[in-house]
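What Swiss-Prot records for this protein:
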BINDING   H113, H117, H123  Zn(2+) binding site
Amino acid sequence: MLEVNILDKKWYSIVEDPKGFTLNIINASLKELKIDQYKPNISIALADDNLLHQLNLRFRQMNKPTNVLSFPCEQLSSECDLGDIAISIDTVRKESDEYHIPIPAHVAHMLVHGLLHLLGYDHQKKGEEVVMKNLEGKILASLGYNMCAI
């Protein structure tokens, strides 16, 4: 089951139906990854800088907001609790302006990025980063988006 919690009304200024948009991106990504049959449980918080700052400080000891955080729970299996994703509308909006990326495309990128972290992908090392970025690009292309420059 996919759960989407809209914690900031600013999300409605991005897309008319933030929950539907989020569900479509995650479901299409799971299908593109050929793992939709597992029907994983994922909770997604569409939040703001305040919450992402708190979470980033608590779990990563970084005293600043960030665009997306992922909290893996279980490894992929049938109906597993895959984990949680939180995205800040404020940081995503700033990055979209800075890099001239349409906001919905950047939100899609952050959702895919967060999902890949739940699945165990990382970008701490160069080789891992290349694998993750290539997979992000493939998924985003399947959704009709160009790979964003972040």
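Cβ coordinates are placed from backbone N, Cα and C, and glycine is handled just like the others.
Other than H113, H117, H123, the residues of this chain whose Cβ falls within 8 Å of the Cβ centroid of the Zn(2+) site are, in sequence order, V68, S70, G114, L116, Y121, D122, M132, E136. Annotation for the binding-site residues H113, H117, H123: lowest Cβ count within 10 Å of the residue's own Cβ, H123.
According to DSSP, H113 (Zn(2+) binding site) sits within a helical segment.
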